[in-house]
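Peer 1: Mind having a look at this structure? Questions to follow.
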Amino acid sequence: MSEFKVKTGLAQMLKGGVIMDVVTPEQAIIAERAGACAVMALERIPADMRKSGQVCRMSDPRMIKEIMEAVSIPVMAKVRIGHFVEAQILEELQVDYIDESEVLTPADWTHHIEKHNFKVPFVCGAKDLGEALRRINEGAAMIRTKGEAGTGDVSEAVKHITKIKAEIQQYKENLKTESDFAAKATELRVPVDLLKTTLSEGKLPVVNFAAGGVATPADAALLMQLGCEGVFVGSGIFKSSDPEKLACAIVEATTHYDNPAKLLQISSDLGDLMGGISIQSINEAGGKNGARLSEIGW
C-alpha cells in the first residue's frame, strides 16, 4: 500500500465525526467527553485571531504537547500555508494530523507545502474543485471547506461545498473527449488522471469535511445533508455559554443529521450561542472584523 493511501485511510477513520478547536487541555478533555473524534490544538481560536490583526503562526509546541497528553483522541495542529519548517516541527512532535491553514498568516504567497514529503497526513481548505484537487495533488489526505472561520456565519461553508459538488456534476456532464479533459485539467492546474478519477467517483478521492462558521447543531446537520463527511467546529463551541452541552449537541447532530425529530430535541435549551459576524460585514481588504480568510490560498 502506498504511503498516500495509508494517510488517506487515517483520515477516513474520522468520517462522520466532529473535530473541535481547543486552546487548553481542559477544553480538549471537554471535547473528548462530548464525543469529538479529534481536536485541533490552537493558542487562539479563529474568532480571536480575526480580532487581533496580528501575524498568526504555528502554536507553541509545548502547549500542543500538553493537549496531546490530556486526551486519547487524535490531535491536529495548524501551520502557515507554505511553511514546511513548521510542518517539520509538528511532525517531529508526532501530532496526528497537520492543517495547512488559511486561518494563519501565510508564509508563502506562491506555494503550498509539498505534503508528499511528510509521513503525517495533512488537512487543507478549499472553496472550489480546482483548489481541492490542487491540494490533493500536493498530498492532502483530507479536504475541508474553507468557510469563513471565526464568524459563526455558516453561509460561506455552504457556498463552498455546494460549488464543489456543482462543479463535479457540471464537468461530468460536459467533458466528453480526451481533449476536453486535458483542457480542463490544464485550466485547473491538476493531472488529468486526478480529474478523471474524481468525476468517475462523483466525489473527491479523499474525505471532505465542513469547516468555517459552524455554530449550531443545525449548522452541522445542514452541511452533512449537503454532502460533507464530517464537521470542524472552531469558535462556536467555546464562545457559547454552555460549551459542553453545545459540543455534545453538535456531535449528536452530525450523527443524526437526517432525523428532524432528533435535531429538534438536540437544538433545545443550549444557552447563549456565539454572537458572530455576518459575512457581509467583512471585506477582502480587512477592517474591524478582519479580512476574508477564505480568499487566502491558490
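The backbone N, Cα and C atoms fix where each Cβ goes, and this holds for glycine too.
Checked Swiss-Prot, it gives:
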- Asp21, Gly150, Gly213, Gly234, Ser235: D-ribose 5-phosphate binding site (BINDING)
- Lys78: active site, schiff-base intermediate with D-ribose 5-phosphate (ACT_SITE)
Peer 1: In the three-state scheme derived from DSSP, which category covers Gly213 (D-ribose 5-phosphate binding site)?
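Peer 2: Gly213 (D-ribose 5-phosphate binding site) sits in coil per DSSP, no helix or strand.
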Peer 1: Suppose we draw a 10 Å sphere around the Cβ of the residue listed as 'active site, schiff-base intermediate with D-ribose 5-phosphate'. How many other Cβ atoms does it contain, all chains included?
Peer 2: 27
Peer 1: Between Asp21 (D-ribose 5-phosphate binding site) and the residue listed as 'active site, schiff-base intermediate with D-ribose 5-phosphate', how far is it from one CA atom to the other, in Å?
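Peer 2: That separation, Cα to Cα, works out to 11 Å.
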Peer 1: Could you check which of the binding-site residues Gly150, Gly213, Gly234, Ser235 is the closest Cα neighbour of Lys78 (active site, schiff-base intermediate with D-ribose 5-phosphate)?
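Peer 2: Closest recorded candidate to Lys78 (active site, schiff-base intermediate with D-ribose 5-phosphate) by Cα: Gly234.
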